[in-house]
Ligand SMILES: NC(=O)C1=CN([C@@H]2O[C@H](COP(=O)(O)OP(=O)(O)OC[C@H]3O[C@@H](n4cnc5c(N)ncnc54)[C@H](O)[C@@H]3O)[C@@H](O)[C@H]2O)C=CC1
Ligand SMILES: NCC(=O)COP(=O)(O)O
């Protein structure tokens, strides 16, 4: 397998994305890491953190070797305004999206074999007048992908979402048979192809308390979720559910289930973050490119302090690299 080139978008410049990217550069990698961001801002941040990282402007050089620890290639994108750690500035929203566009373009053109994303502050991009729900939705749109699935994974616990960044009041209407079916097909394929699980068991959670309590606490389980489970079981999918969400993650299920499908963001992710915050990664399934991300947000309170952990980013880079090897094996 050729050594992969992995782009790392450094995310919200007032957050910890630049910090953890620089910290990751202090390690040896069997990959060419290319940080995307403002090289002067990264130099300043490295100085603030006391990290001796030599930053080198990225030139596309397919045969180059990975750099030793303490050196990092940077695809330079200038900030609109200087970044102050901990202080959001809507003027830099366009900068944040340009980094993503560069990484997506590089992946589509195969200059990069994977993109790893440091966190962005979704609200400040919207405050700048640019509608933005999250990387997941942005990547789907920019790669013309109709349907993608967010999965957070840590060790053997994998939690996927049927809906992503939606106000809670909009969730029930978004759970349609069509959308749920697409989600389950993408999830099943990813577990087989990318996680090498021959016959994965997927636990599908209900939407309502007690999975609807036989229709007395909501009908989505009876009208939508259960019939789809039956239909896909007939095709050979190993599905269990709809499970009441409060007990779905009990030890017995965690043993036998390869992935849980939660109906909405805060039904599934608190469980995963409670069990393994800092060790998990966020993978976008169904894209034509490989995208892996950290399991945390911008942590404005920690930017520039040296107290942020780079553990999830390290894991994301490893998973991104491994995905490149798996894709290579499939060819
Ligand atoms: N992939 C992404 O771009 C993500 C972006 N976000 C965005 O981040 C912003 C802030 O979200 P919050 O809910 O406050 O979550 P957060 O993850 O930024 O912070 C929650 C708590 O965890 C701590 N924390 C986070 N990352 C850490 C790290 N690497 N090391 C040590 N401690 C860490 C923070 O200091 C804070 O106390 C929001 O705008 C949200 O949209 C949130 C999750 C993912
Ligand atoms: N809580 C996970 C999250 O919000 C990440 O979203 P995305 O920016 O990766 O789409």
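Cβ from N, Cα, C; glycine included.
Heads up, TrEMBL stuff is auto-annotated, nobody curated it.
Since the structure is predicted, the reported quantities are computational estimates derived from the model, not experimental observations.
What TrEMBL annotates here:
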- 135, 136, 273, 282, 291: substrate binding site (BINDING)
- 165, 210, 265: divalent metal cation binding site (BINDING)
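Shown here: features listed in TrEMBL, placed on the structure.
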residue : record                             : CB count, 10 Å
135     : substrate binding site             : 23
136     : substrate binding site             : 24
165     : divalent metal cation binding site : 15
210     : divalent metal cation binding site : 15
265     : divalent metal cation binding site : 18
273     : substrate binding site             : 17
282     : substrate binding site             : 24
291     : substrate binding site             : 27
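Among the binding-site residues listed (210, 273, 282, 291), 282 have a CB atom closer than 6 Å to some atom of ligand 2, in sequence order.
Cα separation, residue 282 (substrate binding site) to residue 165 (divalent metal cation binding site), rounded: 14 Å. Of all the binding-site residues in the record (135, 136, 273, 291), the one with the smallest CA separation from residue 210 (divalent metal cation binding site) is 273. When secondary structure is read from DSSP and collapsed to three states, residue 165 (divalent metal cation binding site) falls in the coil class.
Mapped onto three states, the DSSP output places residue 136 (substrate binding site) in helix.
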